[in-house]
Amino acid sequence: MAQLIDGKRLSNQVLQDVACEVERLRSEHNVVPTLAVVLVGEDPASQVYVRNKVKRAKEAGMGSILHRLDAGTTQGELNRLIDRLNHDSQVHGILVQLPLPSHLDEDEVIAAINPAKDVDGFHPLNVGALAAGQASLVPCTPQGCMIMLHRVMPELRGKHAVVVGRSNIVGKPMAALLLQADCTVTMAHSRTQEIESLCRNADIVIAAAGRPGLVGADWIKPGATVIDVGINAVEVEGTRKLVGDVAFDAVSRTAGAITPVPGGVGPMTIACLLLNTTRAARQQLASLAPPRPSVSCP
Ligand code: NAD
């Protein structure tokens with residue numbers, strides 16, 4: 001049976017590190033890392049996600065401010081709020097919960113966020129920095145997946161990873177991080193042919209397609225590591241249940257290590273959001289510090 005990669009336990013370890021860094025920033029610099037979360041409209045899933053993010057931030061000793069905006073908020077009103085948060089020195093991270101109502105332009109909103117406060121890592125400058133292998137605020141879900149992978153595979157160099165899904169928020173940044181870790185990366189998507197045999201050759205399969213149970217046991221090489229990013233609500237015998245993109249029971253018998261849903265990637269995503277917020281606070285502090293003299297003074 002595959003080793004279970006316990007996202008709850010791992011995320012608690014990340015959150016403990018975050019809480020220590022929050023305490024250091026407070027005691028050494030009198031800074032309380034603060035996350036501003038913007039929620040537009042009444043999407044029920046988004047409300048749950050946002051509540052969780054704010055709750056976890058408080059538990060880690062961070063500041064968190066929730067801006068709830070009416071579903072009819074205009075682009076101008078939203079842009080003005082982002083602009084205000086960009087200039088608020090008490091706010092270190094800004095997260096706009098997606099999806100936005102259809103009359104709002106998500107790309108415009110993401111581009112309006114100060115890249116130094118873009119704790120989701122979606123701003124084009126941060127996307128470019130990641131693609132170029134430079135330090136940046138990295139999207140939270142793929143960052144969490146990398147922490148999980150490192151736990152069970154200390155050496156990633158030369159491993160063949162298949163990423164199923166090519167979205168901007170999961171698949172593409174995931175592939176960039178795996179490349180940075182010296183994996184050989186194949187990206188698969190809805191138009192990929194012979195996806196099963198591609199996956200069967202992989203040492204690592206990252207499933208991020210949003211298709212319940214897509215990845216079956218016959219897709220997985222014995223001993224491979226399987227990270228299930230999918231979160232899909234399905235009805236089982238009249239009860240609503242959350243499942244991943246991986247047929248967990250069957251794949252557990254073939255894989256070497258596997259993440260569950262729920263309790264896998266989900267908790268890691270929130271932990272990495274808070275990690276990014278402390279990193280953003282630290283970087284903003286450094287950018288305020290007076291420049292060091294380049295030569296020693298007499
Ligand atoms: P998306 O819809 O933006 O992208 C899905 C991708 O999967 C697309 O690139 C598409 O080409 C590919 N795809 C769809 N059907 C496929 C198939 N049959 N075979 C191969 N590829 C296929 O989705 P997303 O935002 O990247 O999210 C993917 C899943 O991950 C969803 O279930 C989402 O809820 C979940 N998610 C989880 C977390 C978390 O914290 N655990 C975070 C983000 C997204």
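The backbone N, Cα and C atoms fix where each Cβ goes, and this holds for glycine too.
Taken from TrEMBL, the feature domain 'Tetrahydrofolate dehydrogenase/cyclohydrolase catalytic' applies to 5-120. Positions annotated as domain 'Tetrahydrofolate dehydrogenase/cyclohydrolase NAD(P)-binding' by TrEMBL: 139-284. Annotation comment: TrEMBL describes Gly165, Arg166, Ser167, Ile231 as NADP(+) binding site.
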Listed NADP(+)-binding residues Gly165, Arg166, Ser167, Ile231 - what's their greatest C-alpha to C-alpha distance in Å?
16
Which one of the binding-site residues (Arg166, Ser167) has its C-beta surrounded by the most other C-beta atoms within 10 angstroms?
Arg166
In this predicted model, what is the average pLDDT of the domain 'Tetrahydrofolate dehydrogenase/cyclohydrolase catalytic' (5-120)?
97
In sequence order, which same-chain residues at least six apart have a C-beta under 8 angstroms from Ile231 (NADP(+) binding site)?
Gly210, Leu242, Gly244, Val261, Pro262, Gly266
If I restrict to non-local contacts, at least six residues apart, and a C-beta distance under 8 angstroms, what lies near Gly165 (NADP(+) binding site) in its own chain?
Gly171, Ala188, His189, Ile206, Ala207, Ala208, Ala209, Gly210, Val229
